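Working notes, beginning with the structure itself.
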Amino acid sequence: MKKAPALSIRVKTILRMMLSGLILVGVVVGGLLIGEGRPSVDLLNRNTPPSLNHLFGTDWLGRDLLARTLRGLTMSIMIGVISVTISATIAFLLSIISSWGRFLDICVNWFIDMFLSVPHIVILLLISFALGGGVKGVIAGLALTHWPILTRLLRAEVMQIKESEYVSLSRQLGKSRLFISRRHILPHIIPQLFVGWLLLFPHVILHESAITFLGFGLPAEQPSIGIILSESMQYLTAGLWWLAFFPGLALLLVVLSYDLLGNSIRTFIDPYQVRK
Amino acid sequence: MRPQKLASYFISKLLRLVLLLFAVSLASFILISFSPVDPVQSYIGAEASRVSPEQRKEIEAYWGLNEPLIDQYKKWVTAILQGDLGTSLLFRAPVSHVIGERFVASFLLMAIAWILSGVIGLILGILTGSKHGSWLDRSIRLYCYILSSTPSFWLGLLLLMTFSVWLGWSPVGLASPAGILTDEVTIWQKLNHLILPALTLSLLGVAQTTLHTRQKLIEVLASEYAIYAKAKGESDLQLLWRHGLRNAALPAISIQFATFGELFGGAVLAEQVFSYPGLGQAVVQAGLGGDIPLLLGIVLFSTIFVFTGNSLADIIYRLIDPRLRNGGRQ
């Protein structure tokens with residue numbers, strides 16, 4: 001029916017990976033190139049609508065919103081890298097520990113349930129409150145609250161490997177738990193861990209902007225989408241739509257890219273997904 | 001289930017809740033004790049200059065701030081067990097009153113959003129699942145993917161800009177019109193103020209329910225009993241009614257109940273955007289204003305709220321699915 005042969009899933013996946021990777025690299029490179037102190041204040045051009053000079057328009061201090069958005073997204077991604085890495089490490093350690101015995105497994109599960117029983121935003125708020133807000137509070141909050149679901153996934157994987165014949169053989173040969181964890185389980189869950197690490201970014205970035213929007217996250221002088229959007233609230237009734245529209249759209253694009261990248265890589269690693 | 005089994009089920013649930021509340025209260029109490037926010041300072045507020053250091057010491061002593069943490073925690077828990085959550089510093093009213101009043105407003109908002117997202121999600125899921133591969137399926141799926149990456153408060157801002165500012169159809173904020181006595185507010189006016197925040201909340205909830213229902217329905221329709229029924233000559237609608245619907249509704253129901261936490265989180269953001277005076281706005285005010293009793297109260301309350309949702313999901317799942325009712329767990 002179609003004239004051109006359809007692209008294979010493999011090629012499509014590679015294309016998706018390249019596209020989403022490019023967007024993310026572009027945002028970070030753009031954000032870093034703009035540098036400190038920019039976008040500069042320009043009081044003559046306050047609140048101007050989008051134009052060729054200022055693609056996203058300018059804000060109440062005449063700062064270019066595109067530059068501010070890029071800096072904010074770069075900041076979000078950097079905060080994301082730190083907190084996602086900590087969260088994934090916690091998830092990894094807990095999933096290994098839970099394979100060491102029935103009691104430990106129950107403890108880990110209970111710990112997961114406890115974290116999932118309080119609304120996520122409320123925990124973030126509480127941790128940020130405890131640390132007095134600011135960058136430290138945001139990173140600690142994000143890092144300490146994003147491991148439960150990944151832990152559950154990894155734990156299921158670990159349990160499955162633990163039941164396999166080569167592991168029970170290894171145990172009968174007298175190998176220690178540490179040896180089994182390192183030599184038999186670890187190599188199998190590293191791909192899962194990597195994909196899980198990537199797929200945590202969308203959650204972490206969205207939560208970071210949400211908590212900043214509420215006023216608990218990054219301080220107002222930091223570049224951040226949450227700050228831009230909460231400032232835009234004061235100008236909405238005046239009809240300054242671009243203050244909120246473009247920065248939010250850019251945030252959506254970054255989150256979507258991470259999601260696409262993570263899912264493409266998973267398709268690549270896990271052949272079962274391809275066949276579905 | 002037999003009564004005996006039922007009783008033991010509820011007792012074990014109750015024990016879990018007690019253990020959970022104990023852990024959450026302890027953890028949040030320890031967290032708060034690290035906070036640099038000085039409770040005396042936030043109590044005195046603007047009148048700090050009129051309070052002498054000696055009076056400060058007296059307040060500290062009166063509140064027992066000099067006692068060891070464990071004693072403070074014991075006091076707090078004892079008070080809670082007697083039904084006293086303390087007094088909110090911001091609202092100058094008992095915390096339980098503030099929570100009760102605010103929760104009614106939030107509950108209305110969340111209930112509307114919850115029902116809307118459940119019904120729409122189920123319908124969209126059945127549409128996409130039974131016609132999977134079609135353009136309809138593709139477009140709804142794309143919409144769901146984009147929606148699940150959308151910051152909820154941004155979506156709220158967009159709706160606010162479009163419908164309130166640009167089109168002028170609905171009011172910009174608050175739960176009722178300003179300048180009118182509470183008794184004179186009509187139901188229509190209340191609904192008018194509810195509609196946008198509820199829409200924001202429900203739009204986001206739709207994505208997950210749709211995708212899970214779709215997945216399950218595809219699975220069911222590809223199963224051997226569905227193919228057999230089709231071979232016997234059942235029409236698509238019959239097939240859907242007899243075999244598809246009940247199976248496909250399972251994930252939707254469990255998601256709807258098991259995501260009370262996300263619902264609450266969404267409500268916090270939506271209430272902030274639309275300045276809707278609910279529990280979510282109260283927790284933000286409590287956090288920003290250093291109102292520790294209210295903050296702790298809402299933490300405990302929201303924990304009970306989420307736990308209730310999870311337990312309901314579990315119970316309803318058992319009621320619907322006979323395999324779970326008769327046997328053990330999945």
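Counting begins at 1 with the first residue displayed.
Here the Cβ of each residue, glycine as well, is placed from N, Cα and C on the backbone.
The transmembrane segment annotation in TrEMBL covers A:14-34 (among others). Counting residues 6+ beyond its ends, the transmembrane segment (A:14-34) has Cβ neighbours under 8 Å at 7, 67, 70-75, 77, 250, 253-254, 256-258, 260-261, 264-265, 268 in the same chain.
Residues or ranges marked as transmembrane segment by TrEMBL: A:73-98 (among others). Same-chain neighbours of the transmembrane segment (A:73-98): 24, 27-28, 30-32, 104-105, 107-109, 111, 135, 138-139, 142-148, 150-151, 154-155, 157-158, 181, 185-186, 189, 193, 196-197, 200-201, 204-205, 208-209, 218, 222-225, 250-251, 254, counting only residues six or more beyond its ends whose CB sits under 8 Å from a CB of the stretch.
Feature annotation from TrEMBL assigns domain 'ABC transmembrane type-1' to A:73-262.
Annotation source TrEMBL lists transmembrane segment at A:110-131 (among others).
Annotated transmembrane segment per TrEMBL: A:137-154 (among others), in sequence order. Beyond the transmembrane segment (A:137-154), the same-chain residues lying 6 or more positions past its ends with a Cβ under 8 Å from any Cβ of the stretch are 79-80, 82-84, 86-88, 90-92, 94-95, 98, 108, 112, 115-116, 120, 123-124, 127-131, 189, 192-193, 196, 200, 203-204, 207-208, 211-212, 216-218.
The transmembrane segment annotation in TrEMBL covers A:185-206 (among others).
Residues or ranges marked as transmembrane segment by TrEMBL: A:240-261 (among others). Tertiary proximity for the transmembrane segment (A:240-261) is limited to same-chain residues at least six positions away from its ends with a CB under 8 Å from its CB atoms, namely 16-17, 19-21, 23-24, 27, 47, 49-50, 55-57, 59, 65-66, 68-70, 72-73, 76-77, 198-199, 201-202, 205-206, 209, 225, 228-229, 231-233.
Long-range neighbours of the transmembrane segment (A:185-206) within the same chain, counting only residues 6 or more positions beyond its ends whose Cβ lies under 8 Å from a Cβ of the stretch, are 76-77, 79-80, 83-85, 87-88, 91-92, 95-96, 99, 142, 146, 150, 153-154, 157-158, 161-162, 167, 251, 254-256, 258-259, 261-263, 265-266, 269-270.
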